[in-house]
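Each remark here refers to the structure printed beneath this line.
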Amino acid sequence: MSGSELSDALSDMWRSVLLFIPAALAFVAILIIGWLLARLVRTVVAKALSRVGFDRAVERGPIGRALGDRIKPSDLCAKIAFYAVLLFALQLAFGIWGPNAVSDLLTSLVSWLPRAFIAIVIIVVVAAIGGAARDLISSALGGLAYGRLLAQVAYWLIVALGVIAALDQVQIATTVTQPVLIAVLATIAGVVIVGVGGGLIRPMQQRWDTWLERAGEESAVIRQHARTYSDEKARLAREAEEEARRVEAARIEAERQAAAERAEAERKAAEAERRAAEERAEAERKAAAERAEAERKAEEERVEAARRAEEERVRVEAERAEAARKAEEERAVAAREAAEDARRRAEEEQAEAERVAEEQREEAVRDAARRAEHAREAEARAVAEHEAETQALASHEAETQALASHEAETQALTEREARTQALAERAAEARAEEERQRLLEETAGEKTQIIPVQRRPRDHNPVPGFGHDDDDEETEIIHPVPPTDPRDDK
């Protein structure tokens, strides 16, 4: 098989499936809707037939006796309606698939249902007619020996005719029922013709004479029975009418008595209601008076309570004001004492601070003097040591290499001393500035104004121990750099 043929086959298969799915869904939907509709019709038919008294009407007939207590006639009709609607739903559902054997069978069955319904109606009607004829003949000929037999024969003859008509209606065994019906009717007609016309020949003539004589004799009895039956019916009717009149009179009397009792009950109820209204009014009046008295007492109690509360509030406010006044006085006294203590402590602290500041100033002056003295001594020692070193260097001029090296070392030492002295001077200036600021802050409490004197620019190569006279800075002791032995450098 080539690829195109396989593709065509698959396409046809999918096309068939796609065409089948909607039809299948519609088939299932019709079945479900038909089933629901059939259940609804069954419920409606059962309730409707029960309400119109169909069960009681059928139970009095032969069909009711045949069914007995096994099933109710209304339920039977409801089931028939259920299956009829279900057959219609099946016919519609199978009609979706197009012409088919099942659809044809269902169509034939559905078309046959009206005939079956008519046949059932015929049987029911014929059975009712036969029952009525049997009851009539039994009532009329009940006193005769063959009266019940004639009633049964008449009943079954009518029922047989009805069954034959029903079978002919539903097209069942028509080739048998129609000839049988025709033969029976022809036999009856021939017997009637022969019997009426020839007296059934001679043998039957005597029988007919005997039957006629007996019928003549019994006709009086039949008439008597009929008269008795009619009289009995009239008597029963009169008794029923009299009973109905008595019942009506009793009903009217009962209604009159009930009306009188209702009127008496209404009068008593009105009287009781009036008394209850008076009692309620009296109770309401008493309750209103009690409420008014209770409200008056409650109002007096509220006024008294308000007065007591006001007096208590005034007393509490007075006590609170007195306590506040005392507390204010105590706070004022405490504030005055605290202020006095604070002022005294401040004065003491200020005096102590002034004393300490004065001592610190004196100590600072003494320290400054000591530092200046030490600085001068250190500078003198440094100059002497420097001169000694210079003399020592001059004694070694013979050694050219050593002298050159010593000069270089001396120059380096001089530069280092200059840098060290400059750094020491700047540090001394910073410390002097800090000391001056501290002294200014300490003496600020005495309201002493210190006017700083403008400093002259310092010489970058000062002589140790000599400065400007107007310098307000403290003299800083600069410790000399210990001399370096040239031999150590070597």
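Glycine is treated like the rest: Cβ placed from N, Cα and C.
Feature annotations, courtesy of TrEMBL:
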- 258-389: compositional bias 'Basic and acidic residues' (COMPBIAS)
- 406-419: compositional bias 'Basic and acidic residues' (COMPBIAS)
- 426-445: compositional bias 'Basic and acidic residues' (COMPBIAS)
- 258-490: region 'Disordered' (REGION)
- 20-41: transmembrane segment (TRANSMEM)
- 80-97: transmembrane segment (TRANSMEM)
- 117-137: transmembrane segment (TRANSMEM)
- 149-167: transmembrane segment (TRANSMEM)
- 179-201: transmembrane segment (TRANSMEM)
* In terms of Cβ proximity under 8 Å, which residues at least six beyond the ends of the transmembrane segment (117-137) contact it? -> 61-63, 147, 150-152, 154-159, 161-163, 165-167, 169-170
* Structure fact -> Within the same chain, the residues 6 or more beyond the ends of the transmembrane segment (80-97) and with Cβ under 8 Å of it are 23, 26-27, 30-31, 33-35, 37-39, 41-42, 45, 103, 106-107, 109-110, 113
* May I have the DSSP-based helix, strand and coil counts for the residues of the compositional bias 'Basic and acidic residues' (406-419)? => 14 helix, 0 strand, 0 coil
